[in-house]
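Report on one structure; see the data block that follows.
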Amino acid sequence: MDSDSDYEADIPHFPRDLPNILITGTPGTGKTTTSEMAAEATGLTHINVGDLVKAKSLHEGLDTEYDSYILDEDKLIDEMEEMMRPGGKIVDFHTCEIFPERWFDLVIVLRTDNGVLYPRLESRGYNAKKINENMECEIMQVVLEEARESYEEQIVIELESNSIDQMEENVSRIKAWMENWIANNNNNKK
């Protein structure tokens with residue numbers, strides 16, 4: 001096996017009745033709010049990866065400089081593998097390249113204007129270094145580029161997330177996409 005893609009090819013893709021959706025973006029772009037709203041609108045199950053990491057100790061300890069956990073990617077993937085298989089999940093996390101491509105049918109990258117993002121990060125009590133690093137990531141489109149490099153182009157969607165109105169519009173789009181996915185997949189089974 002020369003690469004991760006060779007490994008991916010060896011793993012069977014299981015049919016599922018409901019899609020899996022990844023909602024990602026720089027911290028403060030509205031991932032959790034959008035994911036919760038989308039789960040309510042679609043009936044899919046929301047998985048907040050940050051909460052899962054804390055609850056199941058899927059980390060190697062605390063990074064005191066950034067006041068965040070050091071993720072153990074292997075433990076996380078092992079923990080999530082079976083829960084992702086049947087579909088019906090909305091996964092919410094600030095990075096995306098760690099997840100197997102086979103898990104997701106749609107990858108949404110939320111983007112937020114700097115004038116909106118900065119106060120959101122400040123209100124969380126982030127230190128200046130953490131705020132500046134997250135602002136730089138958003139400016140440089142780091143998460144969007146990771147998504148484009150990690151998943152098929154046709155499943156990666158960039159959405160603006162500056163206001164509640166935009167979040168509600170995004171949720172409507174997610175719901176419509178899911179209904180279309182279900183109809184297309186049910187037609188393919190006939």
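Sequential numbering from 1, following the chain as shown.
Positions of Cβ are set from backbone N, Cα and C atoms, glycine also.
Note that the structure is predicted; figures quoted are calculated from it, not measured.
Record features, source TrEMBL:
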- Gly28, Gly30, Lys31, Thr32, Thr33, Arg124: ATP binding site (BINDING)
- 48-71: region 'NMPbind' (REGION)
- 123-133: region 'LID' (REGION)
Close approaches to the region 'LID' (123-133) from elsewhere in its chain (Cβ under 8 angstroms; 6 or more beyond its ends): 27-28, 65-67
Extra residues within 8 Å (Cβ to Cβ centroid of Gly28, Gly30, Lys31, Thr32, Thr33, Arg124), ATP: Pro27, Thr29, Thr34, Arg120
For the region 'LID' (123-133), mean pLDDT (0 to 100): 93
CB contacts for Gly28 (ATP binding site) [other CB atoms within 10 A, all chains]: 24
Packing count at Thr32 (ATP binding site) (other Cβ atoms within 10 Å of its Cβ): 16
For Gly30 (ATP binding site), the number of other Cβ atoms found within 10 Å of its own Cβ: 25
